[in-house]
Amino acid sequence: MSLKQVSSNKCFDGFQKVFEHDSAELKCKMKFGIYLPPKAETGKCPVLYWLSGLTCTEQNFITKAGFHQAAAEHGLIVVAPDTSPRGCNIEGEDESWDFGTGAGFYVDATEDPWKTNYRMYSYIKDELPKLINANFPTDPERMSIFGHSMGGHGALILALKNPGKYKSVSAFAPICNPIQCQWGKKALGGYLGSDVSKWEAYDATQLVKSYPDSHLDILIDQGKDDQFLSAGQLLPDNFIAACTERKIPVVFRLQQASCFYDLLLLGCCFGYDHSYFFIATFINDHIKHHAKYLNA
């Protein structure tokens with residue numbers, strides 16, 4: 001499968017590149033960002049996959065997260081794909097910001113008219129890794145995954161549905177229980193139909209209840225003042241309770257700013273929200289979390 005290089009920029013002695021290719025799974029052209037650390041010039045490196053959230057492309061993470069220095073230091077290739085098929089000429093694909101274009105939800109759709117193109121689960125699980133391993137100096141046996149919001153949901157379900165495939169998993173503000181929130185109900189209902197039992201196959205809180213062992217160290221960061229947390233879209237408490245019951249290790253960190261100057265100037269202290277400012281603050285912790293397993 002041929003790759004077309006879209007851009008290449010030197011960064012911390014490595015290269016941040018963007019490529020385009022024709023996807024067999026999604027029946028359209030897709031872009032992905034890939035950071036090649038300095039170590040990739042002389043040997044094979046482990047791969048860390050990032051899954052972005054609603055409305056995002058490959059650009060959000062590679063331009064806003066500030067992960068490059070840590071990835072270079074730990075010798076990690078970092079791949080950031082787009083979040084959905086694009087330009088498929090499906091009626092209604094551009095009508096909503098939380099469904100269709102930019103909102104693939106990392107599922108394999110079974111309903112018309114989405115089932116032909118909207119197969120992001122299989123794209124991330126199978127097609128993209130094969131493409132990356134065939135064209136870049138990777139170690140296919142060392143692979144991990146993380147993501148944000150809808151992409152945090154994607155990272156968790158991919159790890160839970162494929163025991164042993166990923167060395168580690170982490171997430172920023174993931175949608176933890178989509179069958180119970182409005183984002184999830186809209187997306188899963190639209191892509192998978194009205195049978196809720198089919199939705200459970202893409203719900204981290206449901207999947208962890210039948211995860212076969214405890215060999216999965218999960219790290220989750222959540223902003224205290226995330227507007228979508230308070231709106232009931234993320235539901236991390238449900239996931240933590242399910243992990244606790246199954247004795248699955250999960251480190252959940254509710255992050256709030258310790259802002260002395262905010263206290264002085266505003267009379268209050270604001271916590272972290274759902275934005276990439278939040279992600280950039282803690283991205284190094286997540287890179288280190290994955291490097292611990294990928295470089296073991």
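Just so it is clear, glycine is given a Cβ too, placed from its N, Cα and C backbone atoms.
A quick note: this is a predicted structure, and the numbers were derived from the prediction, not measured.
If you check TrEMBL, you get these features:
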- Ser149: active site, charge relay system (ACT_SITE)
- Asp226: active site, charge relay system (ACT_SITE)
- His274: active site, charge relay system (ACT_SITE)
*asked:* Whole-number answer please: how many Å between the C-alpha atoms of Ser149 (active site, charge relay system) and His274 (active site, charge relay system)?
replied: 8
*asked:* For the C-alpha pair, I'd like the distance in angstrom between His274 (active site, charge relay system) and Asp226 (active site, charge relay system), rounded off.
replied: 5
_Sequence-distant neighbours of Asp226 (active site, charge relay system) in its chain (C-beta under 8 A, six or more apart)_ = Ala173, Leu234, Gly271, Tyr272, Asp273, His274, Phe278
*asked:* Within a 10 Å radius around the Cβ, which one of these active-site residues has the most neighbouring Cβ atoms: Ser149, His274?
replied: Ser149
